[in-house]
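Participant: Have a look at this one.
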Amino acid sequence: YGMKNQTTISEFILLGFSYGLQVQTILFLVFLITYMVTIIENAIIIFVVNRNHHLHKPMYYFLGNLSFLEIWYISVTLPRLLFGFWSQSKSISFSSCMTQLYFFISLMCTECVLLAVMAYDRYLAVCHPLRYAAIMTHKLCFQLSVLSWAGGFSISLVKVSFISRLTFCGPQVINHFFCDISPVLNLSCTDMSLAETVDFALALLILLVPLLIIVFSYCCIVSTVLCMPSAQGRRKAFSTCTSHFTVVIVFFSATLFMYARPRRIHPFNLNKIVSIFYAVFTPALNPLIYCLRNKEVKKVLRKIISTNCSAHHQISASPKDRA
């Protein structure tokens, strides 16, 4: 009866980063620069992969998918965080909170599957090079990318539908900079054991199944590479995998820490710090890892830059020639 008398809240207050003006300004600039750099980096990768026929390969098709995902991934949380630094109102409506939560979890789940698909692609390329072109066709690439996106968005729909059915009676303050599962769940005033169990089970499924595929793929890759007779062949095979492997370690170490453990033991400030790492800095780091570790991408980028520079030089020099 007491529960019925409580008022169900229709909006939350996102605390974000409540510090002094000087610290707020520095954080705002850091996050704004990170956001702009992330968008530019990932847009460049998509442009380079689409424009250059040398990169029309499965590996780069999936890299283009990952870059497209990273643009939306960071856009789900960061614009609102940047707006919150200077806004008097820290409130977010219940529907906006659930929408943000849905898209953030959807994109995270999609990235889990996409990284497993990329590992499978490297496994085929290294362990079955003669059959690679016959197996990894354009059709299969498209199907695997659709599987990644559909799987991620479907699992998130189930998770968020259970969370959105809970009743929230207050306090309405979320000590976070976006609507994440743990802080939202902890504000529920009804029994959340079912929503928590469903969320935990699906988190394990979407994290551990792709992780097992990745581990299996890399075990096969390592054993195949170690059996190669030439040192040059071994180096070449490893170099095609190092960037992906680095991204996998960065992404899964943060997400496993956050999502594959019980909800209520999270210290919220630690929650925020780890969230900054995987929600803000990881999308900015991934393109750098791929470009710096990948000779083909670097070669194409250098070619595009040199072509543009020479074209610009010719245009600026032409009036002098006519004179």
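Yeah, the Cβs are placed from backbone N, Cα and C, and that goes for glycine too.
This is the feature table in TrEMBL:
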type	residues	note
DOMAIN	41-290	domain 'G-protein coupled receptors family 1 profile'
TRANSMEM	26-48	transmembrane segment
TRANSMEM	60-81	transmembrane segment
TRANSMEM	101-120	transmembrane segment
TRANSMEM	140-158	transmembrane segment
TRANSMEM	200-226	transmembrane segment
TRANSMEM	238-260	transmembrane segment
TRANSMEM	272-292	transmembrane segment
Participant: Most CB pairs under 8 Å with the transmembrane segment (101-120): which of 60-81, 140-158, 200-226, 272-292?
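Facilitator: Selected stretch: 140-158, with the most Cβ pairs under 8 Å.
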Participant: For the transmembrane segment (60-81), which partner among 26-48, 140-158, 272-292 gives the most CB pairs under 8 Å?
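Facilitator: Counting Cβ pairs under 8 Å, the winner is 26-48.
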Participant: Given a Cβ distance threshold of under 8 angstroms, which distant residues of the chain, six or more beyond its ends, lie next to the transmembrane segment (272-292)?
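Facilitator: 17, 31, 34-35, 37-38, 41-42, 44-45, 63, 66-67, 70-71, 73-74, 77-78, 104, 175-178, 180, 243, 246-247, 250-251, 254-255, 257-258, 298, 301.
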Participant: Would you report the average pLDDT that the model assigns to the domain 'G-protein coupled receptors family 1 profile' (41-290)?
Facilitator: 86
